[in-house]
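*Asks:* Here it is, the structure in full.
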Amino acid sequence: MFKKISRKNAIHVMLFYTGGCNGCDIEVANAAWSPRYDLEQYKVILTWNPREADVLAVTGPVLRRTIEPLKKIYEAIPEPKIVAAVGSCGVRCGIFKDFGGELGDSDEVLCRVDEVIPVDAYIPGCPARPEDIIAGIAAGIPLLLER
Amino acid sequence: MGEKERKESAEVEVPVGLLHPAMLEPYRARFFVNDELIVDCELTLDPYHKGIERIMEGMPVEKGLIITERICGICSHIHLWNGTRAVERGLRIKVPERADYIRVIMAELERLHSHLIYLAHAMEVLGHETMCMRAFTLREDVMDLLYIISGNRVHYAVPIIGGIRPRCDIDEFRMSELHNRLSKLDIKIGDYANRVINDSLIMSRVKGTGVLTKEEAIKYATPGPTGRASGINIDLRKKMKEYKTFDFNVIVLDDGDNKDRVVARALESIESVKIIKQALESLPSGPISDRSFQLKEMKFSTSYIEAPRGEIYDSLALDETGRIRNYQNRTPTLTAMASMEIACIGDQLTDGMLTMASCDPCLACTNRAIVVENGKERIFTEEEVKSLIRRGL
């Protein structure tokens, strides 16, 4: 009970950029920071340290070079944790997969985020709007408290 | 002293990255530090290579140009405009004047929002949270204007070959809304720039750090506002036919330190508002697109545009069915970051990260090809690159 209340009052979101186009990153940083959207009023705080994070927001498709860091960062986050895949690239690799010309897909773009780590919240959009990001993370908070 | 000797003389190596609170972008900076002074710096820029140029090989041109927009989520309009412009130049398609005006309005709004992100980021690295939040608040007003014109916050998809998309036309309602909001925004941005430039707290922190002299800037081909803050008087907008009717100043500053790079952006955003106001006042009536062209075989065609961070180069050829061949794209951050490697030498370690952030790095477009041989990655040497260019690759 006490644990639940105190956890609810300090939820840390870590943003990890696996290789999209930067649009969703700014929208996540914007949703969490900027005075208009301000996730901090719900006591959700942006952090860069996996060891204090509760929510991992992943933007972009998983690239050949980021699959290992993604697994490592996921393991470094203490339990309980939830993962949010942000943007079309996070949800379905966006336009970087299954879209190639004559040479086919790029070898660098490997797979979706949920093929590597379990994902709890999918936030679509190109880029995902700050309102949607707030709604997605707010929907994930009860999951976090039950675990 | 050579590069190798400088590295060997360093006492400590301080690696920063790939994820670090002081940088929103993924890159790795290795500072070689001697008694808190940086003696050398080494950057690794290409961790997140996606191979966009390769995906686009052999795509129908209108489909492929949508991918150019997804190269970067900050300057997406500029990338699409430049790709479209390269095709239009190659096929000699005439763009209606109204379409050019709306493209310019979008580009300048985008420059405004990019510069405001830069100022917010710079203030955050400085530790001045109030000014960071004020820049973010201002940026939301700019995003509203972009949303009114295009219907999306990022990835506006405004240009199309031969003009602009019909949904992005500025009708009467949008015009009055833009006028109202822009007149308020003009005052706010003026106030903000004034406050940044005259704040002794900010200026004392950034003055004299990260000096990049004019000679070094020319040697490293520093583009855009970063180069103009070092005294290089080059702005491609003055040479482009789309900007010929507008009256604006090119901001050139002489000191080349972090202060000038911040001030250059603050002053440039005022100039951008000036261009948008002129464009809205003299927006010509008429058609917004001319789609009566025939796609045919096109030889290698190039286009240069002044993006918020510097100049972008796009080149592509079309085959007889209108498919993209040999698309290439070169973005400004590559040379801007390289020149910051030199600029931070001799400073305190605490200023190193600020200098890195002061060139407005945007790494989504900068990640280039990596050569992998026997499981080990390596970077091309100068001779190898020259021989590749000689062979025409």
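Using N, Cα and C of the backbone, Cβ positions are placed for all residues, glycine too.
Taken from TrEMBL, the feature Mg(2+) binding site covers B:Glu53. The Ni(2+) binding site annotation in TrEMBL covers B:Cys72, B:Cys75, B:Cys362. Annotation source TrEMBL lists Fe cation binding site at B:Cys75, B:Cys365. Feature annotation from TrEMBL assigns domain 'NADH-quinone oxidoreductase subunit D' to B:126-293, B:302-368.
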*Asks:* Using DSSP and three states only, what is B:Glu53 (Mg(2+) binding site)?
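*Replies:* The residue in question, B:Glu53 (Mg(2+) binding site), is helix (DSSP, three-state).
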*Asks:* Within the domain 'NADH-quinone oxidoreductase subunit D' (B:302-368), count helix residues (DSSP H, G, I), strand residues (E, B) and coil residues, in that order.
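*Replies:* DSSP classes over the domain 'NADH-quinone oxidoreductase subunit D' (B:302-368) add up to 20 helix, 24 strand, 23 coil.
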*Asks:* Cα-Cα, whole number of Å: B:Cys362 (Ni(2+) binding site) versus B:Glu53 (Mg(2+) binding site)?
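*Replies:* With the alpha carbons as reference points, the distance is 18 Å.
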*Asks:* Which of the binding-site residues B:Glu53, B:Cys72, B:Cys75 have a Cβ lying under 8 Å from any Cβ of chain A?
*Replies:* B:Cys72
*Asks:* How many whole Å apart are the CA atoms of B:Glu53 (Mg(2+) binding site) and B:Cys365 (Fe cation binding site)?
*Replies:* 11
*Asks:* Could you state the whole-number distance in Å separating the C-alpha atoms of B:Cys365 (Fe cation binding site) and B:Cys72 (Ni(2+) binding site)?
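*Replies:* B:Cys365 (Fe cation binding site) and B:Cys72 (Ni(2+) binding site) have their Cα atoms 6 Å apart.
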*Asks:* Looking at the binding-site residues B:Cys72, B:Cys75, B:Cys365, which one has the fewest other Cβ atoms within 10 Å of its own Cβ?
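*Replies:* With the binding-site residues B:Cys72, B:Cys75, B:Cys365, fewest surrounding Cβ atoms within 10 Å: B:Cys365.
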*Asks:* By a simple count, how many Cβ atoms lie within 10 Å of the Cβ of B:Glu53 (Mg(2+) binding site), its own Cβ left out?
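*Replies:* The Cβ of B:Glu53 (Mg(2+) binding site) has 19 Cβ neighbours within 10 Å.
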